[in-house]
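S.K.: Below are the features listed in Swiss-Prot for this protein:
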type: COMPBIAS; residues: 102-179; note: compositional bias 'Basic and acidic residues'
type: COMPBIAS; residues: 217-229; note: compositional bias 'Basic and acidic residues'
type: COMPBIAS; residues: 260-273; note: compositional bias 'Basic and acidic residues'
type: COMPBIAS; residues: 309-326; note: compositional bias 'Polar residues'
type: COMPBIAS; residues: 347-356; note: compositional bias 'Basic and acidic residues'
type: REGION; residues: 68-392; note: region 'Disordered'
type: REGION; residues: 512-516; note: region 'G2'
type: REGION; residues: 534-537; note: region 'G3'
type: REGION; residues: 588-591; note: region 'G4'
Amino acid sequence: MSIKLFSLAKELNVGVGSLAGFLRKKGFDVEDNNPNVRIENEEFDLLLTEFGKSLPKGEAERIRKKFVKQKQGTPASAPSAKEETAGMAAKEAQVIATEVPQDMRPRFTIKGKVETEKPAEPVPSPKDKEPDTVREDKPARETAPVKEETKVVPVKEDKPKEEKPKQEEPKREEPKPEEPVQAAPVAKPVEKPVDKPQQPVMTQKPQEAETPPPAQEMEKKEDTEEVFRLKTNTQEPQVKVVGKIDLSSINSSTRPKKKTKEDRQREQNDADGKKKRKRINKAAVDVKKEAAKVSGEQGKRNAGGGNHPSGNKNNNRPAQQQSNASGGRKNNKRQSLPPKVEISDEDVQRQVKETLARLTTKKTSTTLGRGAKYRKDKRDAASRAAQDAMELNSEEQHTLKLTEFVTVSDLSNMMDVPVNEVIATCMSIGMMVGINQRLDAETINIVAEEFGFKTEFVSADLVEAIAPEEDNEEDLVARPPIVTVMGHVDHGKTSLLDRIRNTNVIEGEAGGITQHIGAYGLKLPSGRRITFLDTPGHEAFTAMRARGAKITDIAIIIVAADDDVMPQTVEAINHASAAGVPMVFAINKIDKPAANPERIKEQLANMNYLVEDWGGKYQSQEISAKKGINITELLEKVLLEADILELKANPNRRAIGSIIESSLDKGRGYVSTVMVQNGTLNMGDVVLAGTCHGRIKAMFNERNQRVKQAGPSEPVLILGLNGAPAAGDTFNVLETEQEAREIANRREQLQREQGLRTHKILTLEDISRRRAIGNFQELNLIVKGDVDGSVEALSDSLIRLSTEEIQVNVIHKAVGQISESDVVLAAASSAIIIGFQVRPSVAARKQAETDGVEIRTYSIIYDTIEDIKSAMEGMLSPEIREEVTGSLEVLQTFKISKVGTIAGCMVKEGKVKRTSKVRLIRDGIVIHTGELGSLKRFKDDAKEVVAGLECGLNLAHSNDIQDGDIIEAFDEIEIKKTL
């Protein structure tokens, strides 16, 4: 038994890492970060025994049975079915093998006699040659051989011994399809040797009677084919094949009696010519006797129209072919059956059934019958093809054709599974993902398999199109480490970088929070270089942090000493550990009076991250980024981690790296921030990144200074791409621009196909669900931003705001200024345009005013999310709540013409307003709900009546008021719904 560790972890409700760690303690070699690793019986028993203790009673046994059933149930059943079919085939083969030799022996011995006796007889040799010449001419002359095939139908009944072996050997029927036609030519050679003496021929024919059978046998084969086709419809039981073998054995036993009848026929031929003709037809074995053929032709001439009725009665082929003699022969054969009855009653019944079966097939084997059979076969083939197509479609429905790095939302749409379930599955295997985060192939396989889908990646050829270059050991040189600063928002990530770089980046960020992923190169006083990546800490920038962890070598996790380990900090730690990146913990803000670094270390220890001060393996440093305390010590620890990793790269090769950010600059075009991971990037190189390509026109470092080349671990800003590649894409340097263009075009085509696959069409189920909800709303948004990472993060956050009643759709997202095309799209789809740190052009603003399209611009992601939330709350239908204001008792009723029933009431509690809605209650049952028609105190109209006072009133649209009824007054209050 071999099962995936991930499947067992899910059943035991234990993390994969815990199971792997336990197995390693027991001496098994198990990978820690691979949930797909398979375990055997011994490991399975150990895990179930150890972790099954905490399960409810009987749960461990249920899990054991489940996996044993999964692994043993299906494989065992399939082979057994094959073995049974093989066994049945073997049994049938054995039954046939016992009976076939008995049928084959007389046939082969007789054919051998024919060949030995032919050279001895000079007379039959010319006879044999003449039919041969006629046979060669005949097929060329005759255009309708079918008529002559059927003439020999009676012969099949007289010689059933040869039918059955032929059916057992269907391969012999195919090589000689034209020989049945040769049976008819026998009629012409008969005319030439008519004058020859018949008696010597008759004496020799019993032995030579087997020379013509090859032609007759082939005719019989076609007839037997018809019988065989009839039985092909019921071939499944395979019992009828055995029955045919038995019949052949019976017929072989009747064969010698036919020879004795020939002797009798010779005696009767001299006495009576009529009987002679009939019995010659009866002994169809001797059809090729020249004398018998002459008599057969005479019978045809004499029997002319008299035998037509018999042919019609039989409804067989001879009726169509003017073969009157054949009809007569069949009648004679039926009369000749009684002497055969002497053998056995059972044999007779079998033979009669076979004959009737042949006759019924003959009725349907007319020209019309053949057409019907052809149409039926065609219908059967069409139905089988349709069934196969349905099975293929069902398989295709459970096969996902996708490109690698599909987003979570696209994957959920293709599987028709809620996004939350996909995210929960990813979290169960230790991956923190967002809605718009792209997954790699291995993760997609795991998630799809969990929901019962198979995956087929259609972009594998494009990945292989760029062949990786191998580096020689002697070419590798040390490279600077890439360090990512990660942590919760406002915990001091950017302040630390400011202190290290002696700049002030925070002032340039809107709202004082980092909204872009920044890359900075730094040269230390010791001469060593470090590349820093600053990631956003806000919860919306999950994908950015994941990208930062993917391309980094070392992660600095910053935690504020006066705060706790916050959710984004935990998420950053998970990203770094999932990527296998070593971490250094920096406890910031120790200069504050409320700082408590020991509490932070305790919280980290509770998460299984022990720092070195507490006996663990993770380095930590207490710092103050604002005052510059212990910054040098922190950098030394980072360099120590880098020395342990032995980071190397080959600068003498074409560059490869990752896209950190991309944006659209009005003066410079599309600008991309890239991190070179290996090789050297030069001016003029042809770069391919995702679906974008181009030749580098200019390169700038993080201080906006021009550079001509960038080595490993250097971040640079490049100009020249024809679009804004997605953040996180890998870029490659290719030899020619044509090659880059071809690959980019194919990738773009695949991306469009992927978009069509993930486009979800509104189904009846969705419509019924919306009808059930009632007031279903859709909010369409177009998101434009300054950089790709911010657009992705904002779109992710906005889509997450969707509820059951309001669905948020980001119909378009892009980098750059808000243009006229965005306004046109928004007008067509009733969408709102969200601009994040971008402004609309003059033409776009005028177009928006004309079309009535709303454009909202923001600089801080918090404000954007809050505004969209409030807009969605305004779209929600308000919640209506009833508030009872008072109750009245009807003391007496008065009926007034043209007015209706007036009720004199006493207000028991609360007060009754003229505008209040009322409910009439009788014996605790609501009789009527409506509004007041009038409310009076004495003769004056009253706006309200308080408790303890009497009043008169009548109900609008109702006069059914009785003494003793209770009237309840209430107001409906609309309460604004919140998300």
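Each Cβ is built from the backbone N, Cα and C atoms, and glycine gets one as well.
Provide an account of the burial state, proximal residues and distances for the features listed.
M.R.: Model confidence over the region 'G2' (512-516) is summarised by a mean pLDDT of 51.
Within its own chain, the region 'G4' (588-591) is flanked in space by residues 491-492, 495-496, 558-562, 597, 622-627, 629, which lie at least six positions past its ends and keep a Cβ under 8 Å from the stretch.
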S.K.: Mind tallying the region 'G4' (588-591) by DSSP state, helix then strand then coil?
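M.R.: Split by secondary structure, the region 'G4' (588-591) comes out as 0 helix, 1 strand, 3 coil.
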S.K.: Please list, for the compositional bias 'Basic and acidic residues' (347-356), how many residues fall into helix, strand and coil according to DSSP.
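M.R.: Helix, strand, coil within the compositional bias 'Basic and acidic residues' (347-356): 10 helix, 0 strand, 0 coil.
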